[in-house]
Amino acid sequence: MEFLDSAFMQRALLAAVLVGITAPAIGIYLVQRRQALMGDGIGHVAMTGVGLGFLLSTSPVWMAMAVSVVGVVIMELIRWYGKTRGDIALAMLFYGGMAGGVMLINLAPGGSTANLQSYLFGSLSTVSQSDLVSICVLAGFVAVVTIGLRRQLFAVSQDEEFARVTGLPVRVLNLLVAVTAAATVTVAMRVVGLLLVSALMVVPVAAAQQLTRSFAATFAIAVAIGVTTTLGGTITNYYVEIPPGATIVLLTIAAFIVFSLIATPLARRRARAAASAAGDPAECAIPGRIPGQAKAEV
Amino acid sequence: MDASVKAGEPVIALRSVTAELGSRPVLRGIDLTVRRGEVVALLGANGSGKSTAVRTVIGQVPVSGGEVEIFGTPRRRFRDWARVGYVPQRTTAAGGVPATVTEVVSSGRLSRARFGLLRKVDREAVRRALDLVGMADRAKDSVDALSGGQHQRVLIARALASEPELLIMDEPMAGVDLASQEILAKTLRAQVEAGASVLLVLHELGPLEPLIDRAVVLRDGCVLHDGPPPEAVGQHALPGHDHVHPHTSDLTPVRTGLLS
């Protein structure tokens, strides 16, 4: 456990844990409402914020947060009003955000696209003390929203029309999900990078739901996968010179594959247990055929 | 139930309501009233505006003219949503993440729960709602594993979880197997006996026919008929079909014999 001794590694591990918790925690609602790629879009928009941060010599983290919040509010407005060709409007927003980022960073004194590198792909070793404070504050906000309002967010993400009739403030909650997703992108930016952040929001949820039947269990397992893979990637990065962001994302995909392989026999066993609990045979009783035995003559 | 709404007073009132979807007029000035204790069926062909009419009541579709009132309160100022149970058309309720029957039905209780915290009474109400539709044994199963009819029963349990006085259902029988249809009809009958008012969007009267006090038929966004359910055709008109309709008065729906 020698890696715990260095200050930069302590910061990196704390940042990794926070990202491992928050990204799947908000990602599950995005997956539930079938907006799995929203995190990717926010990541593109956040690039303009990073560029603006360099240009104005302020914190890129907070500028990225501000710009991506503006971006998600526009996305939500498009969703409300411009139902026709909403996908085109979103595409313009995403790529406009990316182009804006590249443009602004080149306009910044002494800035070049090379500065973007650590934001695009993450750079754990350069997480500073002040970055860490920002990450902690934002992660706290994300955790309070995603856990504290889980029933409301579940209802709105499951069935917006029904949620309205339960009297929930649907638009406010939709905006809150979007703003929380923007905060998560900003938190994860330094760890996995803007281009890979969406993977950490979506893949742990996709992996978890291979095994689960309930939302609560999916939430818990997705967060567990998130924390395990971010920690795994960070620690690996200490020993081996490989990019941590890419390592983390590949680990989540590995988790997805393993869980998918376990899923089929597990589902079969559950079906059998459910059938025996209900007193039904697991297979159809075809006259002249012994259950469990394959058809002999074809 | 509630002293503020006396028998015969409207629980839903639409007056000269117009609505557009895009630039196409879908409702062209309809009047629709559901009084306390009444079961009203909204009938019409596809595209006649019946779903849109219901969705103006819940505020999903904005009205461009006329008035919508729920329990005597203009829809915009209505906040007491726990008194309303809504069953949407079965299209939206499967999310991208697994959820159990209990989790889905619990979201119907949020209108009664403070700060989204479910107390013991709330969990009991969810359990009762599941019992009513005969889905208590599937409480921990994923909704993805259910048949169409079972899924519809879950959506009705979700609407019943807040113990509403008014049920609004959009095509509750669409794509539902016979066994589930019977359970749904039985559940609805129990709700009506307990004093609930019901607005149903239906494609055809079907197995709910004996429950229905009044039918409103829409065509091209206008009310074509408002009164006793239209003359039965097909198998419902055959001799021996149990078709009991005491069409006495709109104001005093007769319960005896009709519901037993």
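Keep in mind that glycine also has a Cβ here, set from the backbone N, Cα and C atoms.
Taken from TrEMBL, the feature transmembrane segment covers A:12-30, A:62-81, A:88-112, A:132-150, A:162-181, A:187-208, A:215-240, A:246-267.
The highest tally of CB pairs under 8 A with the transmembrane segment (A:62-81), across A:12-30, A:88-112, A:187-208, A:215-240, A:246-267, is held by A:88-112. Between the transmembrane segment (A:187-208) and the transmembrane segment (A:132-150), the number of CB pairs under 8 angstroms, six or more residues apart, is three or more, so the stretches are in contact. Counting residues 6+ beyond its ends, the transmembrane segment (A:246-267) has Cβ neighbours under 8 Å at 16, 121, 191-192, 196, 199-200, 203-204, 206-208, 210-211, 225-226, 228-230, 232-234, 236-237 in the same chain.
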